[in-house]
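Asker: Sharing a structure below in structure tokens format, with a few things to ask.
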Amino acid sequence: MATEFSKRAKGAEVKAVAWIGRHPGSILTPAAVTASGLELGWATTGGILGGTAAGLGAWYRAHPDTFDRFAAPRMRAWRRRWVTYLGRRWRNALIACDLFTTNRKTGELHIPRLVRIRSYSPSVDTLYVKLHPGQHLRQFEAKLPELTEALKVERIAIERVKPLLIALVVERSESFTEVIEAPEMPYDSDAVELTSLYVGETEYGVDWRLATLGQHLFVAGTTGAGKNSVVNALLRGLAPMIRDGSVRLWICDPKQMEFAKLAGIAHRYATDEGECAALVEEYVEDMQATQRSLAEQGKRKITPSPITPLNLLILDEMGALLAYGDGGTARSLKRQLALVGSQGRATGHSMIGLVQEPTKDTVPVRDLFTTRVCLRVTSAAHVDMVLGENARLRGALADEIPNVAETSGIGYVIRQRSRVPMRVRAAYVDDRELDELVEFVRAGWRGADLRVVA
Ligand SMILES: Nc1ncnc2c1ncn2[C@@H]1O[C@H](COP(=O)(O)OP(=O)(O)OP(=O)(O)O)[C@@H](O)[C@H]1O
């Protein structure tokens, strides 16, 4: 560095010019407003500014989807940059945490600079930070608890982007502090919306809904993360259709814990590895029979009814089924699941796969699933394995969810259109509400051919 040879620090005017070079908007925006005021008149300029604000307001009200996708993240990032992390606050936090270097000759402090802020969601910001030579990600890692307090945020995670560039993923606040109540069960099958079933809430304070028809759902989360609550919330929403035989449950339950309650209302229910393999085989045969029947009738897809039901295959402990079994069974299971993944959507054969830990055995099949949910996991690497590349960098801090009961059911999904992670919480279905579901279904049971394999 040139400054190593001189005791003088860079001039303030040089720093100011460099700063303006990095933030051209800070000069160009006021300059454009002034030029417009002088050229077009102040009334016209006020009108343009007011019109822009009114336009944004109208967009916000009329089209929440596109506004939240395009405008909100940019406006939020801008506000965070200039209001929340502006100058002194950032500088003081890094000095307090000892995260700077000092020029030995001039005594000048080199504070890592915030080069970019992305604010994909209301509760998470990603801060791209340029390090100075001599600094390393490890120093930041060691100081994360102090930095979290200094910036007054909930949690910070860290990623290396490239040499001398790191990203701090800052979770500003916890969106979910209360347990979300189990959804009501609709009474009539007609009231069930198969493409939009209530599962819980999102960090935006709106319903978190998932489709079952035409979709395959993958839920990852360590033990106690609340995987079952995602499934049970969906099943409560489907209750009348299960009762009427328009939805059939095929359950592989090696653990025989919570889903054991559902054995009595399942079309097929299996526990050990051999039975599960037989169940999946039968499920695939059912799918192929439906394919033939659709071809004969010249139809492209089914409309769920007791004659052509939606068949929901629930695989608990998918990792155990795919990894620990004898090689031959696991291989055949993978082949069958690949068939369901690629062909089941038109025939009304949907899968829900639950895994405790994404491993090399579960990762290949993961791509068969159209919707993926990552609840609390034990390793940072698991997040991208479940949700896709850079999901953690964009704010999916599923490995940072504290390992306490109060966080069960909290996780992340990728928003379909923007590919940005969204923090969600599943509603909690307790034992009594699960019993209620079973009773409701059994009371008016019209599901044909009830047979428990276990
Ligand atoms: N959505 C939720 N909201 C609040 N608490 C929940 C939620 N889901 C689960 N819990 C709590 O967490 C506990 C563990 O949940 P659950 O057994 O569903 O986890 P899991 O991920 O299925 O674990 P495992 O893989 O061991 O079965 C539950 O007994 C309950 O107390």
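Just so you know, glycine gets a Cβ as well, placed from its N, Cα and C.
These came from TrEMBL, pasted as-is:
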- GLY221, THR222, THR223, GLY224, ALA225, GLY226, LYS227, ASN228: ATP binding site (BINDING)
- 203-384: domain 'FtsK' (DOMAIN)
Asker: Considering only the binding-site residues GLY221, THR222, GLY224, which possess a Cβ situated under 6 angstroms from at least one atom of ligand 1?
Answerer: GLY221, GLY224
Asker: Out of THR222, GLY224, ALA225, which has the highest number of nearby Cβ atoms, where nearby means within 10 Å of its Cβ, if these are the binding-site residues?
Answerer: ALA225
Asker: Across all protein chains in the structure, which of the binding-site residues THR223, ASN228 has the highest Cβ count within 10 Å?
Answerer: ASN228
Asker: If we count other C-beta atoms within 10 Å, could you say which of the binding-site residues GLY221, GLY226 has the fewest?
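Answerer: It is GLY226 that, of the binding-site residues GLY221, GLY226, has the fewest other Cβ atoms within 10 Å.
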Asker: I'd like the Cβ neighbour count for LYS227 (ATP binding site), meaning other Cβ atoms within 10 Å of its Cβ, all protein chains included.
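Answerer: Cβ-Cβ neighbours of LYS227 (ATP binding site) within 10 Å number 27.
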Asker: Would you report the average pLDDT that the model assigns to the domain 'FtsK' (203-384)?
Answerer: 89
Asker: Starting from the Cβ centroid of GLY221, THR222, THR223, GLY224, ALA225, GLY226, LYS227, ASN228, the recorded ATP site, name every other residue in that chain with its Cβ within 8 Å, sequence order please.
Answerer: GLN356, LEU375, ARG376, SER408
